[in-house]
Amino acid sequence: MTTQTPPITNPSEKLPTEPINKALNRQMLVILDFGSQYSELIARRIRETQVYSEVLSYRTTIEQIRQLNPRGIILSGGPNSVYDNRAPQCDPEIFHLGVPILGVCYGMQLMVQQLGGQVERAKRGEYGKASLFIDDPTDLLTNVEDGSTMWMSHGDSCTQLPEGFDILAHTENTSCAAIAHHQKKLFGVQFHPEVVHSVGGIALIRNFVYHICQCEPTWTTEAFVEESIREIRAKVGDKRVLLALSGGVDSSTLAFLLHRAIGDNLTCMFIDQGFMRKGEPERLVEIFDKQFHIPVEYVNARTRFLEQLAGVTDPETKRRLIGHEFIQVFEEESERLGPFDYLAQGTLYPDVIESADTNVDPQTGERVAVKIKSHHNVGGLPKNLRFKLVEPLRKLFKDEVRKLGRAIGLPEEIVRRHPFPGPGLAIRIIGEVTAERLNILRDADFIVRDEISKQGMYHDFWQAFAVLLPVRSVGVMGDRRTYAHPIVLRLITSEDGMTADWAKVPYDLLETISNRIVNEVKGVNRVVYDITSKPPGTIEWE
């Protein structure tokens, strides 16, 4: 998505009435998901070419695909073997739709098998980097250099191709690393062009999108803003909309977009549960209410939330109680401020994919979801609230939301704000949450952010924060023995939060942060640095 947007300041401004789906999806590519960890990444790579894409279940019927009228289809990878009885299979009729198809890894093997070829267990699997030797540099492999590094992850190989298919490329261990049926525009690659490790992978994807599928780059921020405002106005009309504002980039971008569309018919409610970072509640109200004249209903519920967590040490219980209390407060305040017809939610496309149940159990072929930790998105939806939903961001990935926010005038400090969990500091305090421990952590966390900002390094990190442990350590301050809390520093780098590395922070910066914390934060006498990546750890401690 590009980031140029015309000014839209009048909620009654007339815009074209073409529906958003028809306008934005007229050059759509579909990814059929067979359980690959990279399916979302494929969609993002396509969208980076400014062409719209969606991830659908492999169970999607041929009629449903026809109705979408895609310019092309991509079959994702997956953990199964196509010759297993329970391996996920798509409708083989898709190969007769007359649209270009690209099979990736498992997707290529499935194409080969369903069209009469043969797939067998490889004598030697390929995992990691491999050199791609090109036999036919046309079509799919145009501008992909011979010998390029590609990322492999397969234990099966195609041993016999269907009639009409040619080999485009091979590796040292795989004779069919890329294949094509040029007449039918069916292509397959045994590697993963979507991952950053595949040099030339982006060129391959662009070849498929632009030259083979004949798409044009129309998926832009400008188009999305216009279409979204048009859709919001058509759906909401003159009805009232309630939005639970958290201060994060998702809800803030949504607030700006809705305010452009419906003006004062939007009510933003900010529930201060007492677990935000130092100065954030005040700054949030200042930005929205004072600077951009978007009224915010501020609800101070700090005491209520703290009382709910008294004596609680289990992290999942914390999350559940915070979510439950949020719903209680939200219900009470919406009743007081209402009535409302619509509830706005900052649902993003990964949430839509996840709720569509697109994971495959490699043993059974059944769709499953694995719980790592419960997530808290402003407490979740109250089930008994009789609101209609409006979710303008449900088509977007996180990076697209940031581009959108920047395009519609959201301040950079919000657009590039580090991700912050819904339960806030409550899950960065290991053990019981008390007012005293909140103050300790809030002050220490402020110093971390203050120092990296002074060094111009804030945006070098995906996240940078402090954690308070439920233990004490012995120290010496002013020739006296101390027995106080240790603070853990957690600074990490990441592209999308799915994986993360601990940041190699300059020692002098760590020293400055440590010195400030032990000298300025009462109750702390030790600072340690977390050097655990994700995996095996998670970004948050709870």
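Using N, Cα and C of the backbone, Cβ positions are placed for all residues, glycine too.
Cβ neighbours within 10 Å of C105 (active site, nucleophile), excluding its own Cβ and spanning all shown chains: 25. In the three-state DSSP reading, C105 (active site, nucleophile) counts as coil. Summarising the annotation, Swiss-Prot assigns active site, nucleophile to C105.
Swiss-Prot lists H192 (among others) with the feature active site. Long-range Cβ contacts of H192 (active site) within its own chain (separation 6+, distance under 8 Å): Y38, G77, V104, C105, M150, W151, M152, S153, S198, G201.
Marked as active site by Swiss-Prot: E194 (among others). Taking the Cβ of E194 (active site) as centre and 10 Å as the limit, one finds 26 other Cβ atoms among all the protein chains shown.
Summarising the environment of S251 (ATP binding site), the number of other Cβ atoms within 10 Å of its Cβ, over all protein chains shown, is 22. Per Swiss-Prot, ATP binding site is recorded for S246, G247, G248, V249, D250, S251, S252, and the stated evidence type is sequence analysis.
For 28-218, the entry in Swiss-Prot reads domain 'Glutamine amidotransferase type-1', with the evidence type sequence analysis.
Annotated domain 'GMPS ATP-PPase' per Swiss-Prot: 219-417, in sequence order, evidence recorded as sequence analysis.
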V249 (ATP binding site), number of other Cβ atoms within 10 Å: 23
In the chain carrying D250 (ATP binding site), residues 6 or more apart in sequence that have Cβ under 8 angstroms from it: G346, L348, L393, K398, V401
Neighbours of S246, G247, G248, V249, D250, S251, S252 excl. site residues, C-beta within 8 Å of centre, ATP: L245, T253, L254, G346, I414, R417
Least Cβ-crowded entry, counting other Cβ within 10 Å, from the binding-site residues listed as S246, S252: S246
Local backbone state of D250 (ATP binding site), from DSSP in three classes: helix
Cα-Cα distance linking E194 (active site) and S252 (ATP binding site), given in Å to the nearest integer: 30
